[in-house]
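Take a look at the structure set out below.
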């Protein structure tokens, strides 16, 4: 009994030291277990890598060698590219048709800008509808030329459409005079294209010549005559022109 009391007294006096000693022992034990686990994982990885290397070496020795790619055939004496379809369509005619397409698209753009007359502070609806009707006609001219160029094996190189000189066309008469001047410019360009395709003075392209005469020349003459009449009537009638002369455009 006396011995137990002595042990208990020693334990009570050195309790903290004993706890610290036990904690150190537990920590050392855990550290040893972790090191053992790491060494075991490393050894397993080394074994797996060695097995993979041996299998790869054995397989490489047994596999047949990859076939070599066949050498390309030797070039023949003919190295020029084959002629593209429609090569007889001369490049200068292609360029002229492309210029005409761009001009027709510009004319359509200008006519579209002239439709501003429908604005509330202008209120000339028939004027606006007249130019809105002219814009798709000019675009249709460009589309027909593009279709012709494609059928003949030519190339179309469209350019940026230039912005019209103004957004506010000031007066009815000024807008109509500008439209007349633009139509004359388009017609002059068409005549030059027609001249370029004639047998005597051009490239002797009867197909293009007949196409222009059928779809463009006569229509351009009528359009210039109509615009000229409108300019003349504007000079005489003034503000009554929108109500009386352009009455038919309301239905077109």
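The backbone N, Cα and C atoms fix where each Cβ goes, glycine too.
Note that the structure is predicted; figures quoted are calculated from it, not measured.
The Fe cation binding site feature in TrEMBL is assigned to 104, 138, 141, 183, 220. Sequence-distant contacts (6 or more apart, same chain, Cβ under 8 Å) of residue 220 (Fe cation binding site) comprise 183, 186, 187, 190.
According to TrEMBL, the compositional bias 'Low complexity' annotation covers 74-85.
Per TrEMBL, domain 'Ferritin-like diiron' is recorded for 87-238.
The annotation region 'Disordered' is assigned in TrEMBL to 58-92.
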Other CB atoms within 10 A, centred on residue 141 (Fe cation binding site) = 23
Around residue 104 (Fe cation binding site), which residues of its chain at least 6 apart sit with Cβ under 8 Å of its Cβ?
-> 138, 139, 141, 142, 145, 186
Around the recorded Fe cation site (104, 138, 141, 183, 220), other residues with Cβ within 8 Å of the Cβ centre, ordered by sequence, are 103, 107, 137, 186, 187, 190, 216, 219, 223
Could you tell me which three-state DSSP class residue 104 (Fe cation binding site) falls into?
-> helix
